[in-house]
Amino acid sequence: MEIKDKMEALVKELNQHSYNYYVLAMPTIADYEFDKKLEELDKLEKEHPEFADPNSPTLKVGGDITKNFTTVPHRWPMLSLGNTYNEQDLRDFDDRIRKAIGDQFEYVCELKFDGLSISLTYENSKLIRAVTRGDGSKGDDVTTNIKTIRNIPHKLRNETIPPLFEIRGEIFMHRAAFDRLNKEREELGEIPYANPRNFAAGTVKMQDSKEVSKRPLDCFLYSLNTDKNYFKTHWESLQSLKEWGFNVCEHTKLSNSMDEVLSFIQYWEEARFKLSYEIDGIVIKVNSYAQQQELGFTAKSPRWAISYKYKAQEVETILEKVTYQVGRTGAVTPVANLKPVQLAGTTVKRATLHNANEIERLDLHEGDSVFVEKGGEIIPKIINVNLDKRKAGAVKVNYPTLCPECHTGLIRKEGEVAFYCPNDEACPPQIVGKIQHFISRKAMNIDGLGDETIETFYQRGLVAHISDLYTLHEKSDQLKTLERFGERSIENMLKGIEQSKQMPFEKVLFGLGIRYVGETVARKLAVGTKDIDKLTSASLEELVAIDEIGQRIAESIIEYFGTPEHLQQINLLKAYGLQFEVIEKEITLESDKLTGKTFVISGVFENYSREELKEMIENNGGKILSGISAKLNYLVAGDNMGPSKLEKANKLNVPLISVDDLLELLK
Ligand code: IVH
């Protein structure tokens, strides 16, 4: 290939990977590979500046901006860090610093958290804005979402705090939360996130802060920007940030030499797997602010700091066989069963293969010797195959065409990667999984019943459909013959089942396990249609008109209710007395102080949720309107209200009131 073509191809490829990483939060290349390609392009651009693209990724620090948020310029640009991968690179960095500022300096070593960076601005001790890195000079205003993170203070108490400052840190998700939430996504038939970083990034960019608040994010803060110098060193500023109430990581070290830095790096190489969150390296910063200033910046990164990236830990082992798991929604997931091997402190026996494409990509053959990686990710992954060790005549792994459990032909829907078993009424793991989902805590929350019991009941022929739970009381003789199932527990279980008939419609709807209908969607559907008959007869257009229901969800609902077996189940459940309509709460007015008055609530509020304010207004006779018009009496304005709303309200002379004003009206 011509040099020019090669450079063009690299620019195109890297830009696409950047877009996937920063904007879609779905990476398509390992960091290390990306850096190598970027380096290659950088080298070619230096050798052939005449072919360099003015939009080359070598000139950019981050990704793009996401469309749906307000774009805000950074007062201090959000730069990136140079990466190093070995001791020599670090010694070179150390030499460069010594040449520039002499031998009298210290380093601060910090963990490099694997999340997404955030810039928080505080004015007069109040959090006024939170912005993503974006392209480094401007990012997305995600304040409302960030305010849902518990350990980011909205207001600081300390008096000695500078009147205006910016603090930077990393938003991330703990492994345990990632595991739990990702499992839930998989159960709903949604595509799981590849790692906690992507989950955190995807969450911060969500449009609905209420959804964000349900996903536990965390944040470590690691740098301070102010107009004046309040501190002499970075270390001092970190100590103060802690005192001001910010979450600063405790695993931070002040070092006098590169040798000390290297031992910090060495220690965390192993110890990082014991942390509850993921790190992908170590950040090394020159401590003194004066020295940082002397060293300055290159176009994209500071000369006074660098990161050391850990290589993913890798080991070679034998692929014994590939097995296939059928989930509640019928998705068939391949799993690699490996010859047990030690990796990063644990014994690895299995690795995820995600889907059929992954088997193809790896061109897996039975008995292959494979490289397994446990990098950032929790579940080990097969990176590639050692072809030198492939035995002659090895059989290619072929993704099955029939369901491994019920032998029905598998199908793949357009635009999806997973294969499904369509036999949802008779495929054993799907039946058991669906009933287990129905009784689960977030759905019908049936006391006295557990996953194992459902499995046993199914095997004994006691249940084959959700509705069979409600005839169990007629089978107490059979129940009594079951091992470990005494009279007491039978009684408890039957009581739990009976009580579940009182669960609200939205829980029943969620419990049915319709693809893509999670808790929130179920609630929106219940509120939007009020009863099951309207829902089952709703057209696609009617469904997508409901808040948060998109084409994909609507299609799935129509498909579900188009199946006679599903309708039969619903009729049985109805007959047993389950709730299939929304029971409107009777509002008893606390007062009529707001009768005849209309309100719009906008922005975020320190002590009240929007829902609470809405309730307060309605309980006193007021009415909530959906948009600003000349008829509107009051706009209850919180922080970070959209500029267009504000403009409209001003134009139409709608009075803006605070929460305190509202409380005053109620007095
Ligand atoms: S300091 C001038 N400290 O790594 C750059 N960054 O590759 C100042 N990161 O964008 C960044 N942990 O998102 C710093 N302890 C830490 C960090 C950290 C993670 C991220 C951050 C930054 C990226 C640079």
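In case you wondered, yes, glycine gets a Cβ from its N, Cα and C as well.
Database features, via TrEMBL:
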- Asp31, Tyr32, Glu33, Phe34, Asp35, Ser80, Leu81, Glu110, Arg133, Glu170, Lys285, Lys309: NAD(+) binding site (BINDING)
- Lys112: active site, N6-AMP-lysine intermediate (ACT_SITE)
- Cys403, Cys406, Cys421, Cys427: Zn(2+) binding site (BINDING)
- 589-667: domain 'BRCT' (DOMAIN)
**Complete:** The answer for which recorded positions (Leu81, Lys112, Cys421) have a CB under 6 A from ligand 1 is Leu81, Lys112
**Asked** What's the CA-CA gap between Glu33 (NAD(+) binding site) and Cys421 (Zn(2+) binding site) in angstrom, rounded?
**Response** 36
**Item:** Extra residues within 8 Å (Cβ to Cβ centroid of Cys403, Cys406, Cys421, Cys427), Zn(2+)
**Value:** Val326, Gly330, Pro404, Glu405, His407, Thr408, Pro422, Asn423, Ala426, Pro428, Pro429, Gln430
**Prompt:** Just the number: how many Å between the Cα atoms of Cys406 (Zn(2+) binding site) and Asp35 (NAD(+) binding site)?
**Reply:** 46
**Spatial neighbours, same chain, of Lys285 (NAD(+) binding site) - Cβ under 8 Å, 6+ residues apart** = Tyr107, Val108, Glu110, His234, Gln292, Trp304, Ala305
**Request:** Between Cys421 (Zn(2+) binding site) and Leu81 (NAD(+) binding site), find the distance joining the two CA atoms and give it rounded to the nearest Å.
**Result:** 47
**Fill in**
The recorded positions listed are Asp35, Lys112, Arg133; by CA-CA distance, the one closest to Cys403 (Zn(2+) binding site) is Asp35
**Fewest other C-beta atoms within 10 angstroms, as judged across Leu81, Cys403, Cys406, Cys421, Cys427, which are the binding-site residues** = Cys406
**Fill in**
Judged by other C-beta atoms within 10 Å of its C-beta, the most isolated of the binding-site residues Glu33, Asp35 is Glu33
**Message:** Through the lens of DSSP with three states only, how would you label Glu33 (NAD(+) binding site)?
**Reply:** helix
**Item:** the residue listed as 'active site, N6-AMP-lysine intermediate', number of other Cβ atoms within 10 Å
**Value:** 22
**Candidate binding-site residues Asp35, Leu81, Arg133, Cys427, pick with smallest Cα gap to Lys112 (active site, N6-AMP-lysine intermediate)** = Leu81
**Message:** If I take every residue in the domain 'BRCT' (589-667) and average their pLDDT values, what number comes out?
**Reply:** 85
**Asked** What Cα-Cα separation, expressed in whole Å, is found between Asp35 (NAD(+) binding site) and Cys427 (Zn(2+) binding site)?
**Response** 46
